[in-house]
Amino acid sequence: LDSIDGKHARRTQSSTPLGELFDHGLDSWATSIFVLSFFSVCSRDNGKTGVSVYTMYIYLSIVLFNFMCSHWEKYNTGVLFLPWGYDISQVVLIAAYLLTGAVGVEVWQKPLLFGYYITDALVILLIGFSLFLSFPQTLYNIHRAHLKKTLKNDSLYEVLLPLVSPLLLFILLTVWVVLSPGNILAKQPRLFLWMVGVAFSNVICKVIICQMSSTRPELFHWFLFPLALVVYAAISGLLGWTEEAVLAMFTALVTAAHVHYGVCVGRQLSEHLNIYIFSLKKRVQE
């Protein structure tokens, strides 16, 4: 139903910024959950088959980066251009679930062609579509808006500002993954990847709100500061055997903060626009 909500809102004349934020904000979170569910289907690397946790991390990062680029593009051009890769990804996921249901999980554990597995082909397609189709299209659309003088931001600093926090977030997370003394990603892959998805979702939601309200995003997202402390304590050995417990606490913190942020913003927009979130009825003016 992802592509139907906007059509239904326009049909019922109920299109609002709240609906746009609700749709894209939840998409930014669901994107990581879709990837995690796919990994659960095709299984973790066991030395012969499956996907390694590091491939999972790169895969998830690329998907989130593509999602971020689309909203970075809208922040600068005012137009949300969603490449057909988004629809293809949903169709591929549905096909993967149906294939697993019909054949069984064994389909992911047998070579497809020349010793390569289906997961290998999917990862290659993802990287290819991202690096050679989606991201270049984003840059082209921004360049075209620049030539037409329709960019919403004049300076290069303003254009690149929304990318600072996501890139720093990715750098900090990657440092933790690579330099973790306890190999935290291998020990807690679901928890770590869940935390990655929630943190990126909150960063992206704030960019979405900025492009909707034509305001400037913050240079450093507040998640970066506690994350930097946790990463430093982890890679320096200060956390020791408590690294997994600290990851769980940090994950709980960012998840609670993200839910709180979404509820607060939803209520504020609901009151400001005099509408309900889950109903077409108008709010009663006090």
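Keep in mind that glycine also has a Cβ here, set from the backbone N, Cα and C atoms.
As recorded in TrEMBL, the features of this protein are as follows:
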TRANSMEM  51-69  transmembrane segment
TRANSMEM  81-102  transmembrane segment
TRANSMEM  114-135  transmembrane segment
TRANSMEM  156-179  transmembrane segment
TRANSMEM  191-209  transmembrane segment
TRANSMEM  221-239  transmembrane segment
TRANSMEM  245-263  transmembrane segment
With pairs closer than 6 in sequence left out, are the transmembrane segment (156-179) and the transmembrane segment (51-69) joined by 3 or more CB pairs under 8 Å? yes
Whether the transmembrane segment (114-135) meets the transmembrane segment (81-102): three or more C-beta pairs under 8 angstroms: yes
Pairs of Cβ atoms less than 8 Å apart decide it: which stretch in 81-102, 156-179, 191-209, 245-263 has the most with the transmembrane segment (221-239)? 156-179
